[in-house]
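Q: Residues or ranges marked as domain 'RNase H type-2' by TrEMBL: 1-210. Look at TrEMBL and you will find Asp7, Glu8, Asp105 tagged as divalent metal cation binding site.
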Amino acid sequence: MKLGGIDEAGRGPVIGPLVIAAVVVDEKNLSKLEALGVKDSKKLTPERREKLFNEIIALLDDYVIIELSPEQIDERKGTMNEFEVENFIKALNSLKVKPDVLYIDAADVKEERFGEIIGKRLNFSPKIIAEHKADAKYLPVSAASILAKVTRDRAIEKLKEQYGEIGSGYPSDPRTRKFLEDYYKEHGEFPPIVRRSWKTLKKIEENLKARTQKKGQLNLLEFLK
């Protein structure tokens, strides 16, 4: 029996791509995936994930990786959930080997609904199991999760070579916020590697403008003294 799994990496960051990975593995290779330590993908270091990347691919019947740029994310029609569904479907329909059972990491509050929406638009008819935190429960999703994470990690490393320290790309990362603030101060705009539709950028822009305005007012007061 062929088992499929799909997951994403980089849904929340303000910098870099969203990556979706779909995999197909024969159930006889599940024990080999487990032996690699694939199931605890969230606990793995980036170095360990990188090492596992080719080892996982060697055990798969098929896989597809889609990298979606900040520009594509900004130009999306509808919500991020809808955008993710569209690209989950695209990845799954691109598989040459079709799974009999498909495990999905659900991006909707209602897991079953998420699975049904995807199932209706596939060019094959697998049994679908859509659940939250599926990457911690099902090895095919764990494998897909690692492929997606490594692909995004590699993309971020390339951006660091070009732009210097950008942090993880997540809005909560102080290094990322510092990079964005410094870049905006120097260039008067954000770099092309950001998701312009993210509220984080608007907040940073407003804060910097407010600071500049306040500084200008203080300088004026000094002058008037």
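Glycine is treated like the rest: Cβ placed from N, Cα and C.
Whatever TrEMBL says is automated annotation, not expert-curated.
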Q: Compute the centroid of the Cβ atoms of Asp7, Glu8, Asp105, then list the same-chain residues not in that set whose Cβ lies within 8 Å of it, in sequence order, for the divalent metal cation site.
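A: Other same-chain residues near the divalent metal cation site: Ile6, Ala9, Ile20, Ala21, Ile104, Ala107, Ala134, Asp135, Val141, Ala144, Ser145, Ala148.
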Q: Mind giving me a neighbour count for Asp105 (divalent metal cation binding site)? Other Cβ atoms within 10 Å of its Cβ, every protein chain shown.
A: 26
Q: Using a 10 angstroms cut-off on Cβ to Cβ distances, just flag whichever of Asp7, Glu8 is the loneliest among these binding-site residues.
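A: Looking at the binding-site residues Asp7, Glu8, the Cβ with the fewest others within 10 Å is that of Glu8.
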Q: Over the domain 'RNase H type-2' (1-210), what is the model's mean pLDDT?
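A: That region's mean pLDDT is 95.
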Q: Using DSSP and three states only, what is Asp7 (divalent metal cation binding site)?
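A: The three-state answer is strand.
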